[in-house]
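Engineer: A single structure is presented below for examination.
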C-alpha cells in the first residue's frame with residue numbers, strides 16, 4: 001500500500017472517529033491502521049472478508065465496528081458503577097471471522113478482556129496473530145463452537161452472525177448471571193425479535209450512523225429473563 005493511500009486511510013479513520021465522538025489515542029489510531037493492514041495482507045490466505053478494497057474495508061468493517069464502541073463503553077461504565085462490570089470485564093465475540101468487531105473492541109476498550117470465537121481454525125489463528133502483532137494482551141482467538149464455551153462473560157457480542165434466537169440460544173451458557181447480549185444488525189430486525197423465546201428480552205435498541213456508509217445499522221441489547 002502506498003504512502004498516499006496510507007495517509008488517505010488515516011485521514012478517513014480520524015474523521016470517522018471524530019464523527020462518532022470517539023476520543024482515540026495516537027496508539028489506538030496506529031493499532032487500528034495496523035489491523036487494517038493485517039486484514040489486507042492475510043485476506044487472500046485466510047479468506048477473512050469478501051471486501052478487498054482498503055477504503056471499503058475501512059468504511060464497511062472498521063468504521064462499522066467503531067460505531068458500536070461508544071455504546072459498549074457506556075454500558076461498561078454504567079455497569080461498573082453498579083458493581084457488576086469492572087476493570088477486566090470479559091467480552092465474547094461470536095463468529096468473529098476476521099476479528100470484527102472483537103479486535104476493534106479490544107483496541108478501543110483496553111479495560112475489557114476480549115475473546116473472539118470462530119469455528120474456522122485459520123480465522124481464530126489470525127486473531128491470535130493480530131493480538132501478538134498489535135500488542136493486545138486483552139485479545140484472544142479461540143477455535144471452537146460457541147456452544148462449548150462455559151464463560152462467564154459479561155457481554156456476548158455478534159455482528160452479522162445469526163438470527164437473534166439462534167445467537168442467544170447457542171451462547172446462553174457462556175453468559176454471566178448479570179451478562180447481556182450485544183447484537184449488531186442492519187435494519188431493525190422486527191421478525192427476529194418476534195421469534196425470540198419468552199426468556200430473552202430486548203431491553204434497548206440503538207440506531208447507529210456509520211460515517212461514509214449509506215445503510216441502516218442498529219445495536220440490540222438483550223438479557224435473559226428469569
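Including glycine, each Cβ sits where the backbone N, Cα and C put it.
Here's the feature list from Swiss-Prot:
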{"type": "BINDING", "residues": "95, 100, 146, 147, 159", "note": "S-adenosyl-L-methionine binding site"}
Engineer: Counting across all protein chains present, how many other Cβ atoms fall within 10 Å of the Cβ of residue 100 (S-adenosyl-L-methionine binding site)?
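Structural biologist: So the Cβ neighbour count for residue 100 (S-adenosyl-L-methionine binding site) comes to 25.
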Engineer: Just to confirm: which same-chain residues, 6+ apart in sequence, have a Cβ under 8 Å from the Cβ of residue 95 (S-adenosyl-L-methionine binding site)?
Structural biologist: 117, 118, 119, 146, 158, 159, 161, 162
Engineer: Taking the residues 95, 100, 146, 147, 159, which the record names as binding S-adenosyl-L-methionine, find the longest CA to CA distance and state it in Å to the nearest whole number.
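Structural biologist: The S-adenosyl-L-methionine-binding residues span at most 20 Å between Cα atoms.
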Engineer: List, in sequence order, the same-chain residues at least six positions removed whose CB sits under 8 Å from that of residue 147 (S-adenosyl-L-methionine binding site)?
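Structural biologist: 170, 171, 173 - these are the non-local Cβ neighbours of residue 147 (S-adenosyl-L-methionine binding site), listed in sequence order.
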